[in-house]
Amino acid sequence: MADAVEPAAEWRHLPAGLCSGSGGSCRVAGHVPPGSVMTTKIIHFMVNGRLEQAEFGADCSAAEVKDLFRAAAEAGPHHILKMYNTNGSMLNISPRLEANSEDSYYRLEVVASDLKSVGMPVELNNMESRLNHLERKVIEDVGKTPDIICELKSQVESFKRKLESVEHLSWMGLFKEDGDQQLSKLSPKPKTSHLSVQEERQQVRRKFLNMSSLQVTEEVREHLKTPIFDNWQWEEAEMLVLLQVMFTDLDFLTAFHIKVDVLQNFLFEVYCHYNSIPFHNFRHCFCVTQMMYGLIWLTDLRSKLSRIDLLIMLTSALCHDLDHPGYNNVYQINAQTDLALLYNDISPLENHHCAVAFGILSKPECNILMNVTCEQYKHIRGGMIKPVFDFTNKDHKEVLMKIMVKVSDISNEARPMAVAEPWLDCLLQEFFNQSDTEKLKGLPVTPFMDRDKVSKPSSQTNFIRFVLLPLFTELTKLFPCLEQHILEPVRRALEYYSDLERAGKEEHGTTKA
């Protein structure tokens, strides 16, 4: 008898769910053909109480890798997944995810899911149960399963697979999508063609609205209240979901009768009015708003300020850099830009940011203030325009509110270095872009933005020493709890950049010698 021929590709079952990409070598471990020679990395991770491993190749796209882990977590297409390492730090789910061992497995969690999520329809499960019962009775009588029962069982199984693979009927619980959108399987999507800015924004909007009913886990909600929150691991639509959580958890929707769809429209319009520039972009907007939100909870401002003042502070943080062009007030005035002419050289950017904010609020579908009284509106508008301490003193409270917004705006160095340092790179890129333009146009060059005179360490040591530390030190006198959360991290950042600056000078001196 001839020897059995081993198949060239044998696919073995993995209980956690499978994902085999058509465009790349992206698959859950156990589905890799024996003898495969492609370069892959193996990721060990815990999900739903099970230790699993995934294997994917270098040619996988980010979407393919995310779909792989989404399938392993048995998550719906719009659920939000996050990966954590052994230290509890969040990891970017992408092809650059570092391989690990079984002893140092990652933790995969669905951090936002639909409360209305459902499994298979009860009727379908009942039908399957009745068929199994009928099959057992027939086998007892005739000794085999009739063809008709085999066919019925096959049809039920086929229908279950279709339900599992149809995106808008899967684990999201009958999630509705646009009528003209094709039903797609939970597998890697084909690479899309280049989208226009408007198309990209609408894509973010659809994703945000699909995610907007998700219930964010308590762990993420609590983490959102801290200065160590890592903004880099969240996509734009996910950040919009988290902003909605902030407004909801501070009870603004109930207190000011804000409709959910109006809040969503407002948040999306804010997103659309941040430009794609290195630093003053939507991610910066989210970062500042999240810090403001965290400070509100850390300092227990909810018991010290009225809810309307908290709304002013959070909304001011959200809108504080709307439509920022990437060039500061000095440039606007020296270059005699339209903004400088419009506002007579008086804080042109700040006036513009505020005007854009109230332009968004002037649209009925975006007006989160539509149900406040005339007096409340005046108070909010006045607070947003001009956002020894006495909490009962109105003038003192206004100063505090402005300081808290400013602290949130410049607080990156209070965050973990892995979060803060990339922001510095973005800021320097924007600064250098401005000084390069100033040189080309023969305008005065802003000294701290000149790439020929400023180094990364020196820019931070001066900023921390002369701006951050004095401001944060005074603030901690009012709120002692902030010493641990913002003052100590800033001191460590100063030490870090001072060491870098010293090392740079020593290296430069050695080179000259």
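Here the Cβ of each residue, glycine as well, is placed from N, Cα and C on the backbone.
Going by TrEMBL, these are the annotated features:
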type: ACT_SITE; residues: His280; note: active site, proton donor
type: BINDING; residues: His280, Asn281, Phe282, Arg283, His284, Asp321, Asp409, Gln460; note: AMP binding site
type: BINDING; residues: His284, His320, Asp321, Asp409; note: Zn(2+) 1 binding site
type: BINDING; residues: Asp321; note: Zn(2+) 2 binding site
type: DOMAIN; residues: 197-504; note: domain 'PDEase'
Candidate with the highest Cβ count within 10 Å, taken from the binding-site residues Asn281, Gln460: Gln460
Fewest-neighbour residue among binding-site residues, criterion Cβ within 10 Å, set Asp321, Asp409: Asp409
Averaged pLDDT, computed only over the residues in the domain 'PDEase' (197-504): 92
Greatest C-beta neighbour count within 10 angstroms, which of the recorded positions His280, Arg283: His280
Shell list (Zn(2+) 1; ref centroid = CB of His284, His320, Asp321, Asp409; cutoff 8 A): His280, Cys285, Val288, Ala317, His324
Cβ atoms near His284 (AMP binding site) (within 10 Å, other residues, all chains): 23
Cβ atoms near Phe282 (AMP binding site) (within 10 Å, other residues, all chains): 20
Largest inter-residue Cα distance among His280, Asn281, Phe282, Arg283, His284, Asp321, Asp409, Gln460 [record-listed AMP binders, Å]: 23
Number of other Cβ atoms within 10 Å of the Cβ of His320 (Zn(2+) 1 binding site) across all protein chains: 25
Rounded to the nearest Å - Cα separation of His320 (Zn(2+) 1 binding site) and Arg283 (AMP binding site): 13
